[in-house]
């Protein structure tokens with residue numbers, strides 16, 4: 001379990017980056033159909049929050065690497081290393097999103113160009129998420145090299161992205177877009193998280209090395225998972241029931257904490273064939 005806590009910078013990076021990409025996807029769709037100029041101005045202003053969270057995530061990843069220069073050195077292996085591909089894809093996504101926001105907030109972004117720019121950025125974001133997931137599919141780590149890792153990572157994109165975008169977009173008084181389906185999509189996502197977590201809990205006893213059982217790495221798996229699901233259930237209730245900005249902000253925080261708990265468990269399950277790290 002100690003491994004999960006030691007990897008807190010990666011917990012922050014993965015959860016925040018995934019949530020930011022998920023929110024960008026929602027913003028991209030909303031802006032494609034939003035014609036009201038004042039509404040679009042509002043959307044572009046709150047888009048900064050997405051970039052800020054993404055920036056915090058990248059700062060956390062640099063903390064994990066130790067020195068910023070190591071991130072640049074990692075780019076030398078783009079194409080041959082998934083970690084290098086992850087850094088490159090993330091940097092491109094951040095750059096495209098940042099320049100789009102800057103040009104749009106200055107009022108210099110044509111609508112047609114903006115639509116294309118956001119879609120291209122969204123596609124790069126999806127690639128970023130795919131590569132981030134692939135980084136952890138390591139043959140020698142049986143607890144990570146399975147479909148549950150993909151489900152876990154992509155569901156964070158869904159949950160974090162939906163909550164963040166809903167909290168940012170619903171206060172817009174000039175909006176012409178509708179967001180009534182987002183709470184339902186979030187509830188479906190929570191249900192899938194519960195299914196994945198329960199399945200993983202039962203499956204842990206079947207994964208072991210010569211000296212370690214995977215279940216022993218996360219002795220608090222049950223209580224942490226229950227806590228995570230309770231937090232996500234509270235968020236689902238808030239999304240369905242309230243429009244208060246403060247409570248919606250709390251829903252974002254609770255979602256990030258809940259997914260952070262899930263990610264701590266994920267890193268705590270680091271186990272290689274023949275040896276273990278954690279416990």
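Even glycines carry a Cβ here, placed using N, Cα and C.
Computed from a predicted structure; not experimentally measured.
The topological domain 'Periplasmic' feature in Swiss-Prot is assigned to 1-9 (among others).
Marked as topological domain 'Cytoplasmic' by Swiss-Prot: 31-45 (among others). Sequence-remote contacts of a segment are chain residues at least 6 beyond its ends whose Cβ falls under 8 Å from one of its Cβ atoms, and for the topological domain 'Cytoplasmic' (31-45) they are 101, 104-105, 114-115, 118, 169, 172, 174-177.
Taken from Swiss-Prot, the feature topological domain 'Periplasmic' covers 67-86 (among others), and the record attributes it to sequence analysis.
Sequence annotations record features per position, and here Swiss-Prot assigns topological domain 'Cytoplasmic' to 108-118 (among others). Nonlocal intrachain contacts for the topological domain 'Cytoplasmic' (108-118), taken as residues 6+ away from its ends with a CB within less than 8 angstroms of a stretch CB, comprise 24, 27-28, 31-32, 96, 100.
The topological domain 'Periplasmic' annotation in Swiss-Prot covers 140-150 (among others). Long-range contacts of the topological domain 'Periplasmic' (140-150) within the same chain, counting only residues at least 6 positions beyond its ends with a Cβ under 8 Å from a Cβ of the stretch, are 133, 196, 199-200, 203-204, 207, 209, 214, 217, 266, 269-273.
Taking Cβ pairs closer than 8 Å, the topological domain 'Cytoplasmic' (172-181) reaches residues 30, 33-36, 38-39, 42-43, 46, 166 in its own chain, all 6 or more past its ends. If you look up Swiss-Prot, you'll see 172-181 (among others) marked as topological domain 'Cytoplasmic'.
The topological domain 'Periplasmic' annotation in Swiss-Prot covers 203-219 (among others).
Here the topological domain 'Cytoplasmic' (241-244) is broken down by DSSP into helix, strand and coil counts: 1 helix, 0 strand, 3 coil. According to Swiss-Prot, the feature topological domain 'Cytoplasmic' maps to 241-244 (among others).
The topological domain 'Periplasmic' annotation in Swiss-Prot covers 266-279 (among others) and rests on sequence analysis. Across the residues of the topological domain 'Periplasmic' (266-279), the predicted structure has a mean pLDDT of 68.
Counting only same-chain residues 6+ beyond the ends of the transmembrane segment (10-30), those with a CB under 8 A from a CB of the stretch are 4, 43, 47, 50-51, 53-54, 56-58, 60-61, 64, 90, 93, 97, 118-119, 121-122, 125-126, 128-129, 132, 153, 156-166, 168-169, 177, 182, 255-256, 259-260, 263-264, 267. What Swiss-Prot records for 10-30 (among others) is transmembrane segment, and it gives sequence analysis as the kind of evidence.
The transmembrane segment annotation in Swiss-Prot covers 46-66 (among others).
Feature annotation from Swiss-Prot assigns transmembrane segment to 87-107 (among others).
Residues or ranges marked as transmembrane segment in Swiss-Prot: 119-139 (among others).
If you look up Swiss-Prot, you'll see 151-171 (among others) marked as transmembrane segment.
Swiss-Prot lists 182-202 (among others) with the feature transmembrane segment, giving sequence analysis as the kind of evidence.
Only residues 6 or more beyond the boundaries of the transmembrane segment (220-240), in the same chain, are considered here, and those with a CB under 8 A from a CB of the stretch are 1, 159, 163, 166, 182-183, 186-187, 190, 193-194, 197, 201, 204, 247-248, 250-251, 254-255, 257-259, 261-262, 264-265. Look at Swiss-Prot and you will find 220-240 (among others) tagged as transmembrane segment.
The list of residues near the transmembrane segment (87-107) in space but at least 6 beyond its ends in sequence, with Cβ under 8 angstroms from a Cβ of it, reads 17, 21, 24, 44-45, 47-48, 50-51, 54-55, 58, 71, 74-75, 78, 114, 117-118, 120-121, 124-125, 127-128, 131-132. Under 8 Å from some Cβ of the transmembrane segment (151-171) lie the Cβ atoms of residues 14-16, 18-27, 30, 43, 46-47, 49-50, 53, 129, 132-133, 136, 177, 179, 182-183, 185-186, 189-190, 192-193, 196, 232, 235, 239, 243, 245, 248-249, 251-252, 255-256, 258-259, 262-263, 266, all in the same chain and six or more residues away from its ends. Non-local neighbours of the topological domain 'Cytoplasmic' (241-244) in the same chain are 170-171; each lies 6+ residues outside the stretch with a CB under 8 Å from one of its CB atoms.
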